[in-house]
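All remarks here apply to the structure that follows.
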Amino acid sequence: MPMSLGNAFIKNFLGKAPDWYKLAIISFLIINPFVFFLVDPFVAGWLLVVEFIFTLAMALKCYPLQPGGLLAIQAVAIGMTKPEMVYHELQANLPVLLLLVFMVAGIYFMKELLLFIFTKILLGIQSKILLSVAFCVAAAFLSAFLDALTVIAVVISVAVGFYSIYHKVASGKGTTSAHDHTHDEEISELTRDDLENYRAFLRSLLMHAGVGTALGGVMTMVGEPQNLVIAKQAGWEFGEFIIRMLPVTLPVFFCGILTCALVEKFKVFGYGAELPNNVRQILVEFDNKERANRTKQDVAKLWVQSAIAVWLIVGLALHVAEVGLIGLSVIILATAFTGVIEEHSMGKAFEEALPFTALLAVFFAVVAVIIDQALFKPVIDAVLHVEDKGAQLALFYVANGILSMVSDNVFVGTVYINEVKTALVEGVITRDQFDLLAVAINTGTNLPSVATPNGQAAFLFLLTSALAPLIRLSYGRMVIMALPYTIVLALVGLAGIVFFVEPMTAWFYDAGWIIHRTGEVVAPVISGGH
């Protein structure tokens, strides 16, 4: 029986997404205006946040850009926020958008070097525990100087490379032939178990690396975008920022690494999968074949990419330009000196990042609603009016942590530092208390936010990447795998805030490592973004 036009419209709406999912999105779109106009705009704002989180959680059913975008368009249309506010959020977050467009594409042109290095690491370290710790520490070290998104882009690029090599051979093809690694139809039953184990192995390495970016990112002022905002507000330089964070970040780092080793040893929370022997054999053969077939031109490419990698790390660590612009320089240098000059060859590099860039723009529309409807105001006001200084530090950390799990952690950090800055200007708190609160805000936004992909842009990027469905990494699985880290990082961080930060900071003052700041302040900034 031929399909009616009405049915065709319904069939086309959100494509292959399940019918219940389509129904859920339609119901959200019907309910939201009623709640906004007839119940309470504040309630409608929180409802929108929950609905947006739902679209992220269902990322494997339907990419969140379409359903999330429809919700955001409606929110602007009914007046929950204004187009100008969304544009302002995008302006404030231009560095992040540039980072995604250019840096992720730049990493694409360095994948030969990355695959070369990581193949050596993967095949050289036999112990899964040591390998996991190596990934976690490497990601932490890189994230202290580079942006976490850049580090995750590197790891994703490497993982896709490893996955496609094995998938190609398991489908009965050679390592050099063309192959679509998104389809499993050609995989035989014998190799299917290996494939599942390999997926679990890659999932665990990616999650260790993801958490590593949080462990390293919290330590320095260039590690995460909100750190930069907080450092600017407090007037701290690179070295002072590291020292002030140490009472919290050092114990958290060591406990994070210990957690990495323990979850692997006891094979809990989805960790512990070993690299299957058949897969190792295929990767060894691939490595040998690559080495045997490497021409002088290939070697020259590796040298060029190594030089560009040095420029990338130095440029980012010294902050010689905005991250996105350094990414653009990487694209130009890498393509010019490795001979990639056709437009269609360059286009592939942008495929990974642009859908996520669009999704992030939608995310900032939701952040605009959070600001306009003052959704976090009750929490912030309650914490600021606590009299006991020690309790206030702990509460700031906890409140930041909880809000960072559901919202953009840069937004949360920026809102809090502005409120604290205002309190300092009005004489509600002393400058020393302001400095301690800045530490609580920075660690509170960075550490507990590993709980969900909403909190960490790097996790969100991983969840919505082309790699996530290949290795079966869903929102729920990500939350479960992050759980041991969430508990350890959040609690050790809290212990650092409660027990270590005040006495250690006093000791740093006495030792002359840092100086007592006077009341000088920078004008409060408006929301920033990832």
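Heads up, the Cβ atoms here are built off N, Cα and C, so glycines get one too.
Remember, it's a predicted structure, so these values are computed and weren't measured experimentally.
Lifted from Swiss-Prot, the feature list:
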TRANSMEM  13-33  transmembrane segment
TRANSMEM  98-118  transmembrane segment
TRANSMEM  123-145  transmembrane segment
TRANSMEM  149-166  transmembrane segment
TRANSMEM  205-225  transmembrane segment
TRANSMEM  238-258  transmembrane segment
TRANSMEM  308-328  transmembrane segment
TRANSMEM  330-350  transmembrane segment
TRANSMEM  356-376  transmembrane segment
TRANSMEM  393-413  transmembrane segment
TRANSMEM  451-471  transmembrane segment
TRANSMEM  480-500  transmembrane segment
Close approaches to the transmembrane segment (123-145) from elsewhere in its chain (Cβ under 8 angstroms; 6 or more beyond its ends)
151, 154-155, 201, 204-205, 208-217, 219-220, 222-223, 253, 256-257, 260-261, 264-265, 271-275, 280, 283-284, 287, 313, 316-317
Stretch winning on C-beta pairs under 8 A with the transmembrane segment (451-471) (pool: 98-118, 308-328, 356-376) is 356-376
Within the same chain, the residues 6 or more beyond the ends of the transmembrane segment (238-258) and with Cβ under 8 Å of it are 133, 136-137, 140, 211-212, 215-216, 218-222, 227, 231, 435, 438-439, 442-443, 447, 485, 488-489, 492-493, 495-497, 500-501, 504-505, 508, 513-514
Positions whose Cβ lies under 8 angstroms from the transmembrane segment (98-118), at least six residues beyond its ends:
147, 149-150, 153-154, 157-158, 161-162, 290, 298, 301-302, 305-306, 308-309, 312, 322-331, 334-335, 338, 340, 348-350, 352-354, 356-357, 360, 461
For the transmembrane segment (480-500), the distant same-chain contacts (Cβ-Cβ under 8 Å, at least six residues beyond its ends) come to 203-204, 207, 210-211, 214-215, 247-249, 251-252, 255-256, 259, 262-263, 268-271, 390, 393-394, 397-398, 401, 439-440, 443-444, 447-448, 450-452, 459
For the transmembrane segment (205-225), the distant same-chain contacts (Cβ-Cβ under 8 Å, at least six residues beyond its ends) come to 95-96, 131-133, 135-148, 151-152, 155-156, 159, 231, 236, 238, 241-242, 245, 248-249, 252-253, 256-257, 260, 271, 316-317, 319, 409-410, 442-443, 445-447, 449-450, 456, 458-459, 462, 467, 471, 473, 478, 481-482, 485, 489, 528-530
